[in-house]
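Beneath this line is the structure, given in C-alpha cells, with notes to follow.
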Amino acid sequence: MDQDYEELRAKFTKIGLNETTVKDTLKNKKLSSSLNKVIEETNVGSSGCDRTIGNLLFTLANASLKQKDPKSNAHEAFIASKIVSGDLKTNLQVNAAITYCKDKDTIDESEFDKETGVGVVLTPEQIEQLVGDYVAENKSKILEQRYQLLNPSASALRQHALLKWAPQLEVKQTLDRKFLELLGPKTEQDAAAGKKKGAKAKNSKQKTVDSGKAKEQKIVSEQSKKYNMFEEGFLAKLHKPGGNTQLIPERMKEHLQATGGGVVTRFPPEPNGYLHIGHSKAIAVNFGFARYHNGVCYLRFDDTNPEAEEERYFESIKDLVAWLGFQPYKITYSSDYFDKLYELAEELIKRDKAYVCHCTDAEIKKARGGEERGPRYACVHRDRPIEESLLEFRNMRDGKYQPKEAILRMKQDLSDGNPQMWDLIAYRVLNSPHPRTGDKWKIYPTYDFTHCLVDSFENISHSLCTTEFILSRVSYEWLCNALEVYCPAQREYGRLNVVGTLMSKRKIMKLVKEGYVHGWNDPRLYTLVALRRRGVPPGAILEFVSEVGVTTAVSNIEVARFENCVRKFLENSVPRLMFLPDPIKVTLENLDDSYREQIEIPFNPKDPSMGSRSAFLTKHIYIDRSDFREEASSDFFRLTLGQPVGLFRASHPVVAKRVVKNDEGEPIEIIAEYDASSSKKPKTFIQWVSRDKESNSPVLIAETRLFNNLFKCDNPAALKEQELAAQLNPESEVVLKNSIIEPGIYDLIKSAPWPKTDSSAGVDKAENPESVRFQAMRVGYFCLDEDTKKPNHLVLNRIVSLREDSAKNKN
C-alpha cells in the first residue's frame, strides 16, 4: 500500500500539482484513482508535464467523478489528449469539452474544436475591438446606469462567442478602461448608487411580491417601446460608406465612384437547403440596413458547391426574400464570376501567393499541427516554382486530375495563430455538373476564395455576417489585399437561435425521410416555409428580429417569446370570427322555427375599417362544448343548468333547461330558452354559430390542426439523430374533424390578405391560403392551410394560441 501511495504521490507531483493538492488528493481514494487513470491515458506519468496542463488534468479527473452515467466518461482519454497537446488551455475549455462529449457516441473533431474554442487566439487588438463594440452597442444604457453596469457587462462578455475563450483578466482590464474612457472616474453618486443597490439586496426578501410585480411591469413597459435596430446597437455604430481604409487608397475612390457613396450590402445564401428562422435575421439585417440608408442589397447565391445545390432551393430563397418584403437590387450568383475568379486565381499564383498542392487531407492536417497541435510546417509543394503551379492549376482546370488529387492553396502565414491563415484551399476538383454552368468547369472555388472577391466585384460597402466568421476577417482582408483589389469591410453580429427548435438540415432531413413530419414545410418546424404555412405573417418575423435586436452576442430566444411577438402583431391587425372547435347543438325551444334575428358584428371592434358582417340568430344554434357544464360551480361562469350566459352581440341571454344525451350518456343537445324577459347582465358572453340555411351557416371545417412543440425535451438541437424519434411529442399535432365557423370566413377569403400591411412588413399574396388569417374568438389565431380546397373543404392551422388559453376553462 505504501509503495502504491508513493508511486501516486510521485506521479501527481510530476504533473505539477502543489504539495497541498497532492496530499488532499491522496486522502480521497476515488479521486486518486480517477486522476491516475487520466495520467495513464496520456502517458505523462513518467515524463511529467507543466503545472498548467497538470491542473487541467486534475480538473478533468475531478469532473469525471461527478458523472453519474459511466458513458459520460467514454471520451475522457480524448479530452485528456487534447489537454496535453495544448488544444485545451483553460478550465472553461475543459468543462466545455466535458459537456460536449457527455452524450456523444463518436466525436466530430472539427465540431469539438469549434465548441471548445480550440485554435481561437485573440490578439490584444481583437479583444480591444470586441469589447469596444460591446460598449458602443450599450452606450445609452451605460451612460444612464454608469458603473452599476460594469459587473453585469463583465458577465455578459464571459458569455460572448469569442471573448469567453480570451484571457479573462485582459478582457476585464479592457472593459474597465473602456468604462473609464466613457464615464470618467467614479463619482460620489456612483458610490452612493452602489451602496443603495446593496441596501436593496438586504431587503429583497421582504419585497418579493412587490419586486416581482415591478419587474413584470418593467418587462411589459420595455416590450411596448418601439425598438429600431438600425438606430441603436451594432448596426447604428457601423462605418459610413468610404470609412473602411484600403491598402491602396485609389481603390476607395473607384468604389465610391461606382456606388455614388451609397450603402451596398448582400444576402449570400448557399442554395443547398431551405432557410430557417435564423436566416430571417440575416435577411432583415442585410436588406433592412440597405433600405434604411437608401442603399441597395444584392441577393447573391453562393453556388460554389454543385454537389449540394438544387433548383428548388434557389426558387424557395427568392420567394422567401420577396415574402419578407424585400426587393433585391440584383439577383446574382457566384458562378456569374467563375471566369473572373479563375483569372484572379492565376494572378495569385503569379504573385507567388498561391500554389498547387497534392497533399492528402491527413497530410494537410498534420502539417497544420495535427491532433497533437504540434508545430506547423510547410508542405513539400509550397515552394514549387510559380510556372509549375500555374501549369498544374491549368491541368486541374482541364480535367487531368480527379477530386482530392490536386488543390490550389493560398500561401498565407503558417506562423499565425489564426487557423484561417494556414494556407486555406482556394480551388478544388469536382466532377459534378453545375446547375448554371453545366460541364464547363472541373474546378470550383471555395467559400474562402470566392466570398471576399465577389464582395469586392459587387462593391459591397458593408459585408455583414455572423460572429462565427470573426476569425475569417483576417483571411478575407488578406486575399483582397494580396490581389490589390477593393477590400470591403466585414463586420460580424450574433446569430439568432430559437431555443427548443431544430435547425440542422441533416436532422430535419431524417425526420422528413422517415415520415415523422410532413415535409420541410410542416408547420411544427421552424424553417421559413413551415412558418409561412403555419400562418406566421412576414411582418411578425421582422418585428421579432427587430425586438431581439442586433448585437455581437448570440441571441438565444425562447419559443414563447417568438410566439408572443406573433400574437402582438396579429392582435389588432386581423379580423375576428366566432369559431367552435367542438360544437354542441342548442335548441331555443321558445323561438319559432322561422325566427331569424339579424345581428351586425364588426370584424374587429378596435378597427372599424375592417368592416362588419351579419350573423343570424335562429332557433337552432351551436356553442362550444367547453362552454357548457351540467352542474354549476363557483369558478365557472358560462352556461349550466341553472346559470344563464350571454351570446356574443345577441340581445338576450340563454337559459339551459335540460340536456339530451346519447346511449353512452354524453350530451348531444342542450334544450334552452332565449330569455327576452331578463334584465340582468350575464356574467360572461360566449361565441356561437347559428344553423341558418339562407346564410349557409354553419361552415364545416374539414380539419382544424393544432400545433404544439415537436419535441418533448427543451433542447432538441442537442439530440443525436438516433435519439430524435424517441423525443417526439405525440401531441405535437392535434387534428379536430368536426369544428364549425360562421360564414364570415368567406368574406375574409375574398378580401385577403390579412393583415393589411405595406411592403415594409412583408408581402402576402392573396391567392395563398395562409394569407387568410383571423382570430378565432377565445380560441386562438388561425389561417387556411394549403390543403384547403375552396369553397367546401376548409383546413385550418392554429398559428398561436391566445394569452387567455390557460384561464379559459376557469371562467
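Placed from the backbone N, Cα and C atoms, the Cβ positions cover glycine too.
Swiss-Prot tags one of the stretches 269-279, 412-422, 753-763, 786-796 as motif ''HIGH' region', and that stretch is 269-279.
DSSP assigns SER504 (ATP binding site) to coil, not to a helix or a strand.
Taking all protein chains in view, 19 other C-beta atoms sit within 10 angstroms of the C-beta of ASP302 (L-glutamine binding site). Counting same-chain residues at least six beyond the ends of the motif ''KMSKS' region' (502-506), those with a Cβ under 8 angstroms from any Cβ of the stretch are 272-274, 276-278, 525-526, 710-711, 716-717, 721. The helix, strand and coil residue counts that DSSP assigns across the motif ''HIGH' region' (269-279) are 3 helix, 1 strand, 7 coil. For ILE277 (ATP binding site), the count of additional Cβ atoms within 10 Å of its Cβ stands at 24 [all protein chains shown].
In this structure the alpha carbons, written CA, of HIS279 (ATP binding site) and TYR447 (L-glutamine binding site) are 18 Å apart.
For SER504 (ATP binding site), the same-chain residues that are 6 or more apart in sequence and have a Cβ closer than 8 Å to its Cβ are ALA717. Distance noted between the C-alpha atoms of GLU270 (ATP binding site) and TYR447 (L-glutamine binding site) is 10 Å. Sequence-distant contacts of TYR447 (L-glutamine binding site), defined as residues of its own chain at least six apart whose C-beta falls under 8 angstroms from its C-beta, comprise ASP302, THR304.
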